[in-house]
């Protein structure tokens, strides 16, 4: 009965509660009358409790509105799983340029008992997949979406609120509208510039949402996505199966086939999530858990494990040399990444990832790093294999006071996916098939050979840079929920944020504000955010590094740090104008 009551009630925020002055006076007089009549102790406290509200958990994401919705779930008696589902569905509505139900991703979960689970809800190649290439039609670039199944798995195993309750904020936001803010405007402009075409206004299916009055939505406008609201409502009422069969599935298949796609209803009906092994290391005594292939969690762990061998690392006076060592570790790790692929299709992948984290490999890399110079690409990648680049993505972190912690990253790949909007459902389809390596008989980009471990096959999942991580103190208590969005910067950003938290003991917002550097080996140059220290960059140039600059917009991380007193410190990346972390508080009650 309680669940039914919750399901029927609208979300109520504390700001909605209003008590007039007259009502307060009347209530006070009534209480005084009762005290006078029955002689109750005169020392009783009236009004709200003076104690600080209890923290129920926290949420961090690329949009403060969605983080607020996640926190609402915690304040309504839900847990971190409920918060994650509500937040991710919301991000798909307002941050549709990065993610949505037409995509997929990876999720790392720490249960209250301390067990870890890696849930792979990455898109899969359709059964009729053909060789991909530069001229592949848009319809062939979409993989079978996994986000809805991933959230279903999380909710069924860990959630406590009804499914319809956790979807309600996203449905309401899509139906009633949301404010067009700076980040959305920025990504709209980037997508139009990238394609050279204003598809958001000129294509009828996109224009319904993005140009309802004939011109593109602008900063401060209210934007609605009513077709998507109806789709989410169907998923809310009929369950996740409604996405993978029936009218919603038929619309996805038809929309893709109209532009040369091969996805079938059978592909959608057969989609399943996969639970995989996690990767674990110790770093400065902290226990770090991440994911495995086809994600790049093992690569992030390799970088950190190499850097753990240096005693003086980002201590006073060592910043320049520490940055060089970190970049060198990145280059060796990305060389190892060239042989990663979907373990369900690549024989020996588990053994290879164990080798990546073995003492022998770590010692080999450490001995190969010179403090006096960098090296040619062949030293890090002797097989000459290409480095696959991922794009897009949105990262979310949630935690509750019972110890359930989740780090999840979801994506439709490049901005607005493959730029196909399903006509009837408002779903934006992914272009995840572009993350597969492409066989070629001609010299490939940068002169490197495509990796056969990441060639497309029916049902296979492409390699990804996604690297969610959860870090525990040496005593086993929760310290940090980390992860990032933004192409191959995901892996290196996650590493640097962990270093900032552990080695430099920074607060959440300080971690995220720290300038970043990225090196993925191919192309062979270190990319520095324009806010990076010039002296450090000059030092690296003297060691032989090719350096380039990039605005602080390549990677977006959102994380939750747990303070020494057990309080939650969530934060959104300051590189985004509208990101945010929210702490969920127990609602105060009258005595």
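Heads up, the Cβ atoms here are built off N, Cα and C, so glycines get one too.
From the candidate list 432, 457, the residue Swiss-Prot records in the L-glutamate site shared with 122, 411, 464, 465 is 432. DSSP classifies residue 534 (N-linked glycosylation site) as helix under the three-state reduction. Counting every protein chain shown, 14 other Cβ atoms lie within 10 Å of the Cβ of residue 389 (N-linked glycosylation site). When Cα-Cα distances from residue 270 (N-linked glycosylation site) are compared across the recorded positions 122, 393, 432, 464, 465, the shortest belongs to 122.
With residue 122 (L-glutamate binding site) as the anchor, the candidate recorded positions are 389, 393, 534, and the one with the nearest CA is 393. Separating the Cα atoms of residue 464 (L-glutamate binding site) and residue 389 (N-linked glycosylation site) is a whole-number distance of 8 Å.
Of the listed recorded positions, namely 270, 393, the sparsest Cβ surroundings within 10 Å are found at 270.
Candidate recorded positions: 389, 393, 534. Nearest to residue 465 (L-glutamate binding site) by Cα distance: 389. Comparing Cα positions, residue 534 (N-linked glycosylation site) lies closest to 393 out of the recorded positions 393, 411, 432.
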